[in-house]
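Here is the structure we will look at, set down as structure tokens.
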Amino acid sequence: MLHVVKKLNALLEPRDRPKVLLLAALMVLTAFMQTAGVASIMPFLSVLSDPGAIQSNEWLNTAYTVLEFDSDRSFLYFLGIISFAVFVSGTALQALTFWAINRFSHMQQYELSRRLMADYLRRPFSFFLTRNSGDLSKTILNETSQVVSGAMMPAMRLLSHFLLAVAIISLLIIVHPFLAVSVAIVLGTVYGIIYFAARAWLQRVGRERVVANRERFTAAAEAFAGAKEIRLLGREQAYLERYRLPSKRFARHQANAALLNQLPLFAIEAVAFGGVLLLVLVLMAGEGGLSQALPLIGLYGLAGRQLIPAFQKIFAAVANIRFNMAAVEEVLLDLGDREGSQSFTKVIPHGERLVPSETIRVEDVCFTYPGSGEPSLQGLSLDIPARTTVGIVGSSGAGKSTLVDLLLGLLRPDSGCIRIDDTKVDHSNVRRWQAAVGYVPQHIFLADQSVAANIALGLTESEIDRDAVIKAAKLANLNEFVTQELPESYDTIIGERGVRLSGGQRQRIGIARALYRDPDVLFFDEATSALDNATERAVMEAIHNLSGHKTIVLVAHRLTTVRPCDWIFVMQGGSLVEEGDWETLSRSSGQFKRLSAGI
Ligand SMILES: Nc1ncnc2c1ncn2[C@@H]1O[C@H](COP(=O)(O)OP(=O)(O)OP(=O)(O)O)[C@@H](O)[C@H]1O
């Protein structure tokens, strides 16, 4: 139990922990008031069954005289009203506790998913290379709510009902120790047997639920991401099966766990019914008959009304927590920062950018992807002179994209370093360096937003600088298309639910996005491969017009793309094998020659 408390505590933000203590105090008060409500029926029933109790019972006698009652009947009404008032207060407090637990828990779900989302966004880029995006969404959206509704909320309800059960059993012990202990033992045993029989099963299906959940999220995400290929290959049925099987397992586990929560209630209702009959017979057989037995029967009637649901809820909470511990562990595993996590940064002003004035130097860099045996770059060194345009070419798998990701500061070299002039790029200045670069990848991601918002990606409408958007679009050879062909010009919604764009138009949005913040260094990773020859020529012309002012790095498959570059690097097997200008390389007989010959 202690390890469960520790894990649940670890899910909370330090500032939320005092709130839990406050909730616990409210629970204690509620348990006390509810027990008082149960106890308050006794004096009422005593006087009802035997008015002589007013004289024989010291407490009743004192109350009768001090409050100056003059008839038994009015005193009985008074006792009834008091009992009712205490009972209603207990119930009102119970409703308040229920509300407080619910509110706290749901806010925790929001808080937990927000923290997880922030933690993921801060992770080093290499984290995203090893994790499935469907899995991350599942943990943020689904497992956090499972953690809260299946473990955190039950844990608090468990405490609340446990306190109530302890208080009521204590009351029963004070009134009639033997009877109370017998009732506690019977109830405890029924629940205990069922719980211990189901313990291991609950833990196992809890873990299987997490796995099935991951599989169904991944299958759903992949089915839509690859809709085109899946349709073409006719693999819809296979994908439906990939989704159906884990979904069915998931639903079965959820249903079984929910059923187990309720199962003891049926057994307990039978036991309780038999118990009440037995209680009445035993008490009636004792001295004093019905008038002695009535207050005790009334007490047990009310106590049972509180106690049986409390026991049931304690059981359900314990079973729920056990079933959902796997989800708690899953969330805990991902919560918090890791080595290389970066804090969010505000916009870095132009003046603080790390801009090369002489060279961008790659110095003896080695890099191996996590989980991969083979190094992708080994001992790579090269110099990119500032304000020149350089090309990087090489056969597929040569390491070009890896080099660009390292240059962008997204990946960190295992050994060696990247220097901007004399400054080594590291954790402390990588954001300043990234503020100076623009990057156009091969596959452009489009958000379901306007053209302008896509170019100024991540900014709100009011933050977008319209002039900068248009300037960037013109440079990317996009302005004409947007203003003449799109119905609402820069306000047209594009992306998944908006106007569909061709590969070339998409690519030009990507180029305009990179140019929007007027970067000092531009990286194009196969960025023009989706453009037709005429558009590529126009875009390349625009890019080359920037040369002299900006440092431009072009990664390209098509050698003609890098022809106008000042300098060309040729890579092979993770190393630099040749470098030079187009003329020199064309005359060589090395890898460049083979590439141009298409060998
Ligand atoms: N996420 C990854 N995990 C493990 N290995 C990777 C990963 N990405 C790339 N690699 C490996 O690193 C090597 C270099 O890949 P990279 O993508 O840098 O080559 P490239 O020259 O850009 O190829 P292409 O022209 O086909 O895009 C390849 O052997 C590739 O298998």
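For all residues, glycine too, the Cβ spot is worked out from N, Cα and C.
Per TrEMBL, the features are:
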type: DOMAIN; residues: 21-291; note: domain 'ABC transmembrane type-1'
type: DOMAIN; residues: 360-598; note: domain 'ABC transporter'
type: TRANSMEM; residues: 20-42; note: transmembrane segment
type: TRANSMEM; residues: 75-101; note: transmembrane segment
type: TRANSMEM; residues: 158-175; note: transmembrane segment
type: TRANSMEM; residues: 181-202; note: transmembrane segment
type: TRANSMEM; residues: 258-285; note: transmembrane segment
Long-range Cβ neighbours of the transmembrane segment (20-42) (under 8 Å; 6 or more residues past either end): 12, 82-83, 86-91, 93-94, 96-97, 100-101, 104, 156, 159-160, 163-164, 166-168, 170-171, 175, 295, 298-299, 302-303, 306
Intrachain residues whose Cβ lies under 8 Å of the transmembrane segment (181-202), provided they are six or more past its termini: 169, 172-173, 257, 260, 263-264, 267-268, 271, 275, 300, 307-308, 311, 314-315, 318-319, 322-323
Other parts of the chain folded back onto the transmembrane segment (158-175), taken as Cβ under 8 Å at six or more residues beyond its ends: 24, 27-28, 30-32, 34-35, 38-39, 42, 97, 101, 181, 183-184, 296, 299-300, 303, 306-307, 309-311, 313-314, 317-318, 321
Mean predicted confidence [pLDDT] for the domain 'ABC transporter' (360-598): 87
